[in-house]
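S.K.: Supplied in structure tokens, the structure appears directly below.
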Amino acid sequence: CHLIHYLRLSHHLIVLNYLICTFDKLKSVSSEDINITDAVFDGVEVRVFEPPATRDERLKRSVVYIHGGGWALASARTSLYNNLCRIMAESLNAVVVSVEYRLVPEVCFPEQFHDALRATKHFLQPDVLAEYSVDPSRIAISGDSAGGNLAAAVCQQLSKDEHLTIRPKLQALIYPVLQAFDFNTPSYQQNMNMPVLPRYVMINYWIDYFNGNYDLAHSLLINNHTALDVGQALSFRGRLNWTSLLPSSFKKNYKPVIQTTGKAEIIQEIPALLDVRAVPLLAENETLQLQPKTYILTCENDVLRDDGVMYAKRLENAGVEVTLDHFDDCFHGCMIFTIWPTDFSAGIQTRNSYIKWLDENL
């Protein structure tokens, strides 16, 4: 990918996603038990997984699912997510709506957020729910990684929308990416070179999402953008103090990286670094108090571990009922790896735990 980018043959993310989807895209073919159809919700493509109608014809539960991939990769139609959503629909006897939001570099923030929000709000309309025989009181919004970011941001936005009559009952976030304020949390330091998602890769995903300049990567890595002399960041510092939000077992012997002097121009160039629609962990307490019952899955071998743990703690402090499901021996992205040749026990373990929580709470 770096060679492609250097040679300017195309944007490296376009090429990588083309390769992923070329080898992995499924046609919209329904299984015996689940009807799979593609639709458009308020201009946004979605894939809908529907269990067969039952004799008692009761309304079904539902999950709006937003896939991961750094806001740039994968698809609701790839076999990994197609398989996950089909199994969710079967196991929960639920209608699953998988959102096919537009990707970087075709669009950048806030368009991915807007796509996810538009599709979700469209689905929450009473007539649309009735069309799919969905119980308005039993809807969850969920996503993994960058999809978890979008799910959390959408859930926050829905909670503040006074015109909505139907809101999600639950949110379920799978190793979500929730902040770009501090790239030196204990999990970022501990797992900086961990395969699948090293720290520099996550920083590059953020830069791509914000359509920023790669020259800023090193400054972000050492937290120059949130130094003590960067006035725009001061009001957010108390909302992301990992020394108070993380348990001692996660903090270990790691030390905070707080620069005295930094580069305020970074925030001026990329104001989205402090936009709660992109970084839901920085939301004010008044917004967090409005969030529904929440499930957050985290993995020890993941730079994003502390994002999820800190969000769980902030929600808990705001009075929200939270289940933090932590896996000591798992890694970022593991839940979708359940199909040969990447069928890992970590994927089965995390997926089963996630679906079990949804089944018990939705």
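Positions of Cβ are set from backbone N, Cα and C atoms, glycine also.
What TrEMBL shows for this protein is this:
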type     : residues : note
DOMAIN   : 63-221   : domain 'Alpha/beta hydrolase fold-3'
ACT_SITE : SER145   : active site
DOMAIN   : 275-335  : domain 'Alpha/beta hydrolase fold-3'
ACT_SITE : ASP302   : active site
ACT_SITE : HIS332   : active site
S.K.: Rounded to an integer, what is the Cα-Cα distance in Å between ASP302 (active site) and HIS332 (active site)?
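M.R.: If we compare the Cα positions of ASP302 (active site) and HIS332 (active site), the gap is 5 Å.
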S.K.: Give me the non-local Cβ neighbours of SER145 (active site): same chain, 6+ apart in sequence, Cβ-Cβ under 8 Å, ordered along the sequence.
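M.R.: Once residues fewer than 6 apart are set aside, SER145 (active site) is near GLY68, GLY69, GLY70, ILE174, TYR175, PRO176, VAL177, LEU304, HIS332, GLY333.
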S.K.: Provide the three-state DSSP residue tally for the domain 'Alpha/beta hydrolase fold-3' (275-335): helix first, then strand, then coil.
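M.R.: Result for the domain 'Alpha/beta hydrolase fold-3' (275-335), in helix, strand, coil order: 22 helix, 19 strand, 20 coil.
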